[in-house]
Structure formats: structure tokens, C-alpha cells
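> Sending over a structure as C-alpha cells; questions will come in a sec.
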Amino acid sequence: MEGADLLTAGVLFLFAAVAAVPLAARLGIGAVLGYLLAGIAIGPWGLGFISDVDEILHFSELGVVFLMFIIGLELNPSRLWQLRRSIFGVGAAQVLLSAAVLAGLLMLADFLWQAAVVGGIGLAMSSTAMALQLMREKGMNRSESGQLGFSVLLFQDLAVIPALALVPLLAGSADEHFDWFKVAMKVLAFAVMLIGGRYLLRPVFRFIAASGVREVFTAATLLLVLSAALFMDALGLSMALGTFIAGVLLAESEYRHELENAIDPFKGLLLGLFFISVGMSLNLGVLYTHLLWVAASVVILVAIKMLTLYLLARLYGIRSSERMQFASVLSQGGEFAFVLFSTASSQRLFQGDQMALLLVTVTLSMMTTPLLMKGIDKWLSRRLNGPEENDEKPWVEDDKPQVIVVGFGRFGQVIARLLMANKMRITVLERDIGAVNLMRKYGYKVYYGDATQVELLRSAGAEAAESIVITCNEPEDTMKLVALCQQHFPHLHILARARGRVEAHELLQAGVTQFSRETFSSALELGRKTLVSLGMHPHQAQRAQLHFRRLDMRMLRELIPEHSDMVQISRAREARRELEEIFQREMQQERRQLDGWDEFE
């Protein structure tokens, strides 16, 4: 692809994403499906703006590569060892059972047995990019089902190696393509990568970090990820597996969070590009000519994988309320099918339109997953949020809660426990099914679902409640929920969690004056203890803490970004210069004795 064509393609990708994803979010179908539909629109079977799909699809796999690196950073080797049973037990069972059933059905559909085996293995794989994205959106990452889902996906990535090696054997060309010496060299190179990464990566990043130049650290991170991907690709292995291993090797290093921050922006953009590329690859011509075959294939594929996954989740001991989510999030075909089927086609295992039919089936199955997850969410919401059959209800089951708490993470738990301890009637909204089940055991009134849905808020008693406490992890969800409450439930007293000054400014601009910055109060308390440790009288340190809180809050309100950036920067610099002077002057002039009951936020 020429430079000008690449630039044009980049502009088209960005335009498609900007146009389609917000529309998909407004329709409630999720960002992933929005990307897929955008790809169909600009691809060769849509408006035809881009025709070189294969090259773009290969490039867009970098999104999956970056995603797997970040996942590796979150899993240290000891944690990976703890998951061995689910990886090699449930993961292997899912691939083998699904592949066997699907291969048998393909043989009934007049596929050669060799092609059916390859087709069954390819269809048994799930989309790592889509599944992980949806698990993050649905809050499944910390749940049992999310951990099991990740284990299955990891085994599927490991299964890439033997699956690709199996293709020439099935094609009858093993003598020409299977070289034991080359295999041994690949294993040796892989071992060198593991050992070298284990002992060299930390010293290298320590040397780079010592330079103090953030851009160089980001460049080094990109170099590591891309080098690991290219190295594994040269060995004929999965690029995503290589970067995952690199992430695991750095998971226990002191640079883990900095590495994650450096990669995260690239990961999100390239993942979007990957989904757009998958949408572009959908062959609508094959779909039109074999509509019934493709439709039946998609339904059968999703049903078989869901049934297999559901049964395995049951055997593994996953809660019944989480099994459907686990089964549906992995029910689609995956990106690995494109690689495996292309390799099989080069070995002439497929006849006629068989490869095209399989790829269309995989692509459409990926489009069904967001819709399937949305439907299951509604079903779970009706099931979990329905009226209790218990006649004996604890006092927290009052139909008219005083407070609605959105989110039951570490921040929300403290608030909910404090309110419960003071006999306040509360209702909790949470989208982690495991947390919902646990909270109900302890007498909390909990509603499962997305709190940004008006109907869920109504069901939770928003029309009768006095206050709502928003403790969402994502700032976007917080601001969306604030706007929703102001529009539909203007009587609610809104209190919110702010992750930092930027979100605090956004809340102030939205009219929310009661908020708490999650690290501010704890930092002030530690600062007070530091002053005491340096010899300051405890009472004086307490007064200093309260004065600083008031001054900081005043500056926060005065620096709401209503003017240009230069004006705001100028005011911030001026405020910093005057902070010490103001602090000392007001400490001296303060006549009122402040104590711990004064409220400044």
C-alpha cells in the first residue's frame, strides 16, 4: 500500500470509527459491533472505499498484540501457575469437544475429512480481542467466569502452534514441510527468548528510565512489543502469545504501571482498527448466494460453543448466574480462523467456496456476540432484579431506599457499609454478577445491570430515593449517570467519586458540588501524620490540614476550565506562587478555631 493510500485509509478508518461507534453506543449495541458495521460500510462489499483487506487485517492484528501484552502485565508467573488447571483442563476440553462436534457436522456438509478437521479446529477458537473487550465492558474481569474465560482464551492461543503444524500433515505434504531440525531450532529460539527476557528486560528498562525522558520509555515499550511480535511471527508462532509472555516477564517489575500507561492508547486505537478490518472482510457476495447455509451455520456454531462452554462451566463450579455470560462471551469464531483457513487453502484442502463460507460464518458469529450479551444481560436483569419469593425480608428490602449506591468496588463498599451501619435504607447497583450474589447473602438490596439505563434506576427506586452516590470506575460512566439523573430524577441529591482534578472539574461544571477525590483525603491524612513526625504539634498539624483542604478546594473551583488553555495555565502558575503566601496569611488571621467537624468538600 502506497504512502498516500495508507494516509487515505487511515482517514477513512478514523472517520468510520468516529461516525459509527457513538451511534452504536447510543443504540445500545456496544462499540465492538459499531466497529464491525463501520468496516462493512467502507469495505469492498459496502461503499468500496478500501479493497486491500488482507494487508490491513494483518496490520490490525497489532491491536490484539498490544492487548495481550497488557494482559500479561497483569499476570505474574505465580498467578499463571495457579490458573494451570483451568487453562489446560477447561481450555483443552473446550477446544477438543467443540472441534470434534463441528468437524463431524462439516463432514456431513460434504467437506473432506481433512478440511473438516481444520474447519472444526478453526471454528472452535474464539476471538481474543472481542471476548476480552466485552468482558471488560461487562465487568467480568474480576469474576470467576472472567478468569475462566481468560484461561480458555490463553489455551486457544497456545493451541495455534500445533494447529498450524497439523495442516501440512493433513494435506499429505508432511515430508516437504515438516522439518524436525527447524522445529528444534524454533524451540531453542523460544527458550532463548524466555531466558533472555527474564534476566535482561529489567536492567534494560532501568537504564532507559534513568534517562528521565518519558518519550524514550514509550519508544522502548513499543520496541519491546513489536520485536516480540515479529520474533514469534518469524518462528511461525502466534504474535499475541509472544507479547503476552513479554508482559508476564515484566509483571513483577517496578515499571509495570508505566508500561501499561505507555501502551494503552495504541491498544485501544489498533483494536478498533482490527474490528473494522474484520467487518471489511465480510464477503457479502457469498452471503447473498448461500444465505440459508450461512444463517444455519452461524446459529449452529454459536449454539454448539455455548452448550459446550456452559457444561464445562458447570463442571468447573461456576455459579449458575455467571455461566450464561461465560458461554456467550466465547461463543463466536475468532481471528485465528483467518490465519488457519488461509494456510489450509494454500495447501488446497478446501474446495470451491468452502473457505469463503467458513470465513463469512466466523465474521457473522462475531457480530452476534454483542447482541447476545445484551440479550443475556436483560435476561439476567429480569432474573436477578425480580421480586423475592422469600416471605421473610430483612429491613434493607424496603421498597423506598433512601440512598442508591452505584458500584460496589473498594470505594463503594466503604460507603455502603457506613450507611448500613447507621440504619440507612440503601440499594446497590452492580454489574459484576459474582459481587451481586455475594452481597445478597449479606442482606444488601442489589440490582444487577448497567446503572446508565433509566429503567434500571427506576426499578432500583430512584424516584423515591433522596440521594445517589456514584462510585463508577470509568469517568465517562460517572458523567453519563450524572446527566441521566439530572434529566430524569432532578430531585436526587448527587454525590460522586472523582478520580482526580480533571474529573472534579467536570463534575463542578455539571453542577455536582458534593464529590470526593479518591486519593485526596488519604493523602492529606498522611501529610498530617508527616507534619507530626517532624515535630509539629498534633493540633497545629490538624489545623494546617484543614486550611490546606479549604484552600485547595477554593483553587479547584476558581480554576474550572471556562477560559482558554493559556489563561488557565497562567492562573494555575499564579496560584502556585501565591499558595504559600496565602496559606501563611490565613493561618495567622484565622480567628475561628477549626476542628474535625468543618466541611470543605
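Placement of Cβ uses the backbone N, Cα and C atoms for every residue, glycine included.
Annotations for this protein, taken from Swiss-Prot, read as follows:
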type     : residues : note
DOMAIN   : 400-519  : domain 'RCK N-terminal'
TRANSMEM : 4-24     : transmembrane segment
TRANSMEM : 29-49    : transmembrane segment
TRANSMEM : 87-107   : transmembrane segment
TRANSMEM : 111-131  : transmembrane segment
TRANSMEM : 152-172  : transmembrane segment
TRANSMEM : 177-197  : transmembrane segment
TRANSMEM : 207-227  : transmembrane segment
TRANSMEM : 230-250  : transmembrane segment
TRANSMEM : 262-282  : transmembrane segment
TRANSMEM : 284-304  : transmembrane segment
TRANSMEM : 324-344  : transmembrane segment
TRANSMEM : 356-376  : transmembrane segment
> For the domain 'RCK N-terminal' (400-519), DSSP counts of helix, strand and coil?
50 helix, 27 strand, 43 coil
> Quick test of the contact rule: Cβ under 8 Å, at least six residues beyond the ends. What residues does that give for the transmembrane segment (284-304)?
40, 45-46, 98, 101-102, 105, 123, 331-333, 353, 356-357, 360-361, 364-365, 368, 372
> Under a Cβ pair cut-off of under 8 Å, which of the recorded stretches 87-107, 152-172, 262-282, 324-344, 356-376 contacts the transmembrane segment (29-49) most often?
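Most Cβ pairs under 8 Å with the transmembrane segment (29-49) come from 262-282.
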> Is it the case that the transmembrane segment (356-376) and the transmembrane segment (152-172) touch, counting contact as three or more CB pairs under 8 Å in which the residues of each pair are 6 or more positions apart?
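When sequence-distant Cβ pairs are counted, the transmembrane segment (152-172) does not touch the transmembrane segment (356-376), since fewer than 3 lie under 8 Å.
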> If we skip the immediate neighbours and take only residues 6+ beyond the ends of the transmembrane segment (111-131), which ones have a Cβ under 8 Å from one of its Cβ atoms?
32, 63-64, 67-68, 94-95, 98-104, 149, 152-153, 156-157, 159, 163, 166-167, 170-171, 240, 271, 274-275, 301, 305, 329-337, 340-341, 344, 349-351, 354, 358, 361-362, 366, 369
> Going along the chain, which residues at least six beyond the ends of the transmembrane segment (152-172) come within the CB cut-off of under 8 Å?
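Distant Cβ neighbours of the transmembrane segment (152-172) are 68, 83, 86-88, 90-92, 94-95, 114, 117-118, 121-122, 124-126, 128, 131-132, 178, 183, 236-238, 240-241, 244, 309, 330, 334, 336, 339-340, 343-344, 347-349.
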> Should anything in the same chain at least six residues away from the transmembrane segment (262-282) have a Cβ under 8 Å from its Cβ atoms, list it; otherwise answer none.
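Sequence-remote neighbours of the transmembrane segment (262-282) are 13, 16-17, 21, 31-32, 35-46, 50, 53, 56-57, 59-67, 69-70, 129-130, 133, 217-218, 221-222, 225, 335, 338, 359-360, 363-364, 366.
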> Average pLDDT across the domain 'RCK N-terminal' (400-519)?
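Here the predicted model's pLDDT, averaged over the domain 'RCK N-terminal' (400-519), is 83.
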